[in-house]
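Participant: Here it is, the structure, as structure tokens.
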Amino acid sequence: MKRQNQSSVVEFILLGFSNFPELQEQLFGVFLAVYLVTLMGNAIIIIIISLEHSLHVPMYLFLQNLSVVDVSFSAVIMPQMLVVLSTEKTSISFVSCFAQMYFLLLFGGTECFLLGVMAYDRFAAICHPLSYPMIMNKSIFMKLVMFSWVSGILVATVQTTWVFSFPFCGPNEINHLFCETPPVLELACADTFLFEIYAFTGTILIVMLPFVLILLSYIRILFAILKMPSTTGRQKAFSTCASHLTSVTLFYGTASMTYIQPKSGYSPETKKVMSLSYSLLTPLLNPLIYSLRNSEMKRSLMKLWRRKVDSHTF
């Protein structure tokens, strides 16, 4: 009987902002521009770090991984979102919805852990500068990157498999722009109480635990910076940390508002806007935050640009 109910829904309908048809066209244009700028900004960071050997250090290699995550995150969400905005109602197959949720959780979870290990990298560099090459050697760097990606895969596998193990016997309209866990779960024809306890606990561990570790790292970093005798040294240390802190605040703030909330805490439209805040803004702003606030990135960009201009000149 459970299998029969489960197979009765073969596709879902994504409603998007169908309640506001007059906004659909304008939103499509805005989101398309955001998507293109996101792809371009993150691609530039990935290319600069790949080509510039002076940036092949843990700090920038972590940033390169972050840009890969952000590009992938946008690619999972934005094309489907643009399709939803271009029509009143958009159907998405059961399998496609599963895949979208899986990769959304994978890249979201990976970003959580990456931001955490990036804070540890800054802590090691600023608080233990002499032993930093030993603390963050190539082997440790690779293990931390692998840990971030594997953790994202585990989170996505457990949560998505559990969500889609519930029977879906109708209705099949998801009042959202993409297949995110909370709106899909509302359509399940079963008691989801245990899953909700797991999801809340898991979110606390995945989102808040790295955030607390980041907070503790930066408390130690702040004390270390304040003890520095040189004003230039303090400014350089603050500069390297400011970009990461901005990204952390942006990502963790918006993600926690979306996932750590009462089930009926906000209206569906408010939930859509909150989801957009982390799914659009974080991948869009990360390249700007890291490139505009980082003198080394700006120098490398100008260096590669001059090299390209010179090659065309001669």
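Note: Cβ is positioned from N, Cα and C throughout, glycine not excepted.
In case it helps, TrEMBL gives these features for our protein:
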type	residues	note
TRANSMEM	27-49	transmembrane segment
DOMAIN	41-290	domain 'G-protein coupled receptors family 1 profile'
TRANSMEM	61-82	transmembrane segment
TRANSMEM	102-120	transmembrane segment
TRANSMEM	140-158	transmembrane segment
TRANSMEM	197-225	transmembrane segment
TRANSMEM	237-255	transmembrane segment
TRANSMEM	275-292	transmembrane segment
Participant: For the transmembrane segment (275-292), name the stretch out of 61-82, 102-120, 197-225 with the most CB-CB pairs under 8 Å.
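Facilitator: The listed stretch sharing the most Cβ pairs with the transmembrane segment (275-292) is 61-82.
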Participant: For the transmembrane segment (197-225), what are the same-chain contacts with Cβ under 8 Å, counting residues 6+ beyond its ends?
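Facilitator: Beyond its ends, the transmembrane segment (197-225) has Cβ neighbours at 109, 112-113, 115-116, 119-120, 122-123, 126-127, 151, 155, 158-159, 162, 181, 234, 237-238, 241, 245, 248, 252, 255-256, 259-260.
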